[in-house]
Amino acid sequence: MNDLKSIIGKVATGAPLSREEAASAFDSMMSGEATPSQMGALLMALRVRGETVEEITGAVSVMRAKMLRVDAPAGAVDIVGTGGDGSGSVNVSTCAAFIVAGAGIPVAKHGNRALSSRSGAADVLAALGVKIDLKPDQVGRCVQEAGIGFMFAPAHHPAMKNVGPTRVELATRTIFNLLGPLSNPAGVKHQMVGVFSRQWVEPLAQVLKNLGSKAAWVVHGSDGLDEITLTGPTFVAALEHGQIRTFEVTPEQAGLGLCGSDGLKGGDAAANAVALQSVLDGMPSPYRDVALLNAAAALVVAGRAKTLAEGVAIGRDALDSGAAAARLKHLIAVSNS
């Protein structure tokens, strides 16, 4: 084990940490050995200098080692965003998750309450009637029986309680905003991850590659959204067959029209729940289109679709047949049983 004081001293000089040094430091923080001052110093020094791929990889490896695991099928996917994009948008990845599940791909969705918006994944699911504070075996049963399960981050990452107060006091973004979406308790190997800043698209794809993901898209909308956006291009780093390639996608490539940012504005959890249900009930809207677009990308990652356009067609079938809505009803029933 590396001495935490010496690691903080190294970071203070601007020098990057090795993967092992980062893992040692984050193990100290998450096991409760580090003092609040040490945690604050390390987190802010990393933030100011800029976290490296190796540092994030080391930190995620510790998060994963300490999390409470969920059993999920080998081909399960996660659709998750970092949050913190400040958009106050509708719950895109949550809605997309039901479309993907409706298309027959098991979904092990990881999420939390709102970070910067008025409604995070946990908030909107609770408003829809889903029981979110489940034990790992109960979530596993949801994935098996309903085709989709929700892992409420605080319930699966108990070690985070040791860093929570420091994060609240710092009141600014830290490396932990990046770690959560990369630390899926079901250990999924197929991920669609939205990030709050363009600068993190390629690095997080590299982290996922380092940690054994089979296929992933890391995305950031040109309008700042931590999803694939409907207002213009989206930056993508795709991990495929052990290689990372970067490109841009647009709604038009998937056969969808552009919309203004106002079309994606959300409200509180209750309002967003009504909006999500209306999409699952087949109502046309920009929300339906952006959810279809993100579901299409997840279907590409899962190997179910070859192109975004094909993924949108599969997603439309899942919505129009009622299959996606049925997944929500089933999840509500299983999670509360």
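Positions of Cβ are set from backbone N, Cα and C atoms, glycine also.
Per Swiss-Prot, the feature 5-phospho-alpha-D-ribose 1-diphosphate binding site maps to G81, 84-85, S89, 91-94, 109-117, A121; the stated evidence is sequence analysis. Residues or ranges marked as anthranilate 1 binding site by Swiss-Prot: G81, N112. Sequence annotations record features per position, and here Swiss-Prot assigns Mg(2+) 1 binding site to S93, E227 based on sequence analysis. What Swiss-Prot lists as anthranilate 2 binding site is R167. According to Swiss-Prot, the feature Mg(2+) 2 binding site maps to D226, E227, an assignment based on sequence analysis.
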By Cα-Cα distance, the member of binding-site residues G81, H110, N112, R167 nearest D226 (Mg(2+) 2 binding site): G81
Those binding-site residues listed as H110, R113, R167, and which of them has the most Cβ atoms within 10 Å of its own Cβ: H110
S93 (5-phospho-alpha-D-ribose 1-diphosphate binding site) as reference: those binding-site residues from N112, R167, E227 with C-alpha within 10 Å of it: E227
For G81 (5-phospho-alpha-D-ribose 1-diphosphate binding site), nearby residues of its own chain (Cβ under 8 Å, 6 or more apart in sequence): V92, S93, P181, V193, G194, V195, F196, D226, E227
Three-class DSSP secondary structure - D226 (Mg(2+) 2 binding site): coil
Cα separation, R167 (anthranilate 2 binding site) to H110 (5-phospho-alpha-D-ribose 1-diphosphate binding site) (Å, whole number): 20
DSSP three-state assignment for R167 (anthranilate 2 binding site): helix
Integer Å distance between the CA atoms belonging to S89 (5-phospho-alpha-D-ribose 1-diphosphate binding site) and the residue listed as 'anthranilate 2 binding site': 24
